[in-house]
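Straight from TrEMBL, the features:
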BINDING   N90, H95, E100  oxalate binding site
BINDING   H93, H95, E100, H140  Mn(2+) binding site
DOMAIN    46-192  domain 'Cupin type-1'
SIGNAL    1-18  signal peptide
Amino acid sequence: SSRITLLVLLGVAFVAHASDPDILTDFVVPSGTNASVLDGAFFTYTGLIADNSANPAKFTVSKATAAEFPALLGQSVSYAALVFGPGTVNPPHVHPRASELLYVVQGPLMVGLVDETKNELYAQTLQTGDMFVFPKGMVHFQFNGGDHMARAFSAFGSASPGTVSLPVTLFESGIPDAVLEKSLHVDEATVHALEHDLAPPAPAPAPDS
């Protein structure tokens, strides 16, 4: 339990809570866009694909935030499609600028959040049609422990909710190994193994000319 507490506190330490600013117009036209030629296409997004056919064994997420869908600027809303291959996890993470409302369209799917003030885990196995809310700034995760694919959609109360991954923050942000060893009560080999597992894949070699 002490290790869970430390992970949560370290994750929360990296989070700055904020919210979307109020806007004075009905919607925001991105810089460089000619507002006089806007049509329905500006308010349409077709890139949210709830599929991981490229690699069904992995967890994949497709986002529709202000970065992908500029019409969301100032609207305090965004969306994500999540697909979980069997045995995959969306690791513990935090959304610093938004609450998340998750809706399971293909279950079961285990979810959980941590109340860092009580060091208490709230977990639930959701079935198809169930919903679960993750309050803003709280550490949470999703896990497909079954033998079949699971799917969910998440709505966020921000056009740019942000995501802070605890594993990446701890092991890929440059924190000295000695600090992680002492803090997590593990040896150097374990820290190095975790850093290796979380490191991004090496780029593919350039083809011969």
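Glycine residues also receive a Cβ, built from the backbone N, Cα and C atoms like all the rest.
Each residue in the domain 'Cupin type-1' (46-192) gets a DSSP state, and the totals come to 22 helix, 58 strand, 67 coil.
Under 8 Å, Cβ to Cβ, and six or more positions away along its own chain, H95 (oxalate binding site) finds F134, K136, G137, F156, S158, P161, G162, T163, V164.
Averaged over the domain 'Cupin type-1' (46-192), the predicted model has a pLDDT of 92. Taking the binding-site residues H93, H140 in turn and counting surrounding C-beta atoms within 10 angstroms, the largest count is reached at H140. Taking the mean position of the Cβ atoms of H93, H95, E100, H140 as the Mn(2+) site, the remaining residues of that chain whose Cβ falls within 8 Å of it are V94, L113, F134, M138, V139, P161, T163.
The Cβ of N90 (oxalate binding site) has F59, V61, L82, F84, F141, Q142, F143 as same-chain neighbours under 8 Å, each 6 or more residues away in sequence. Other than the site residues N90, H95, E100, same-chain residues with C-beta atoms no more than 8 angstroms from the centre of those residues' C-beta atoms, the oxalate site, are A80, H93, V94, L102, F134, H140, Q142, S154, F156, P161, T163. Applying an 8 A CB threshold to same-chain residues 6+ apart, the list for E100 (oxalate binding site) reads V133, F134, H140, S154, A155, F156, P161.
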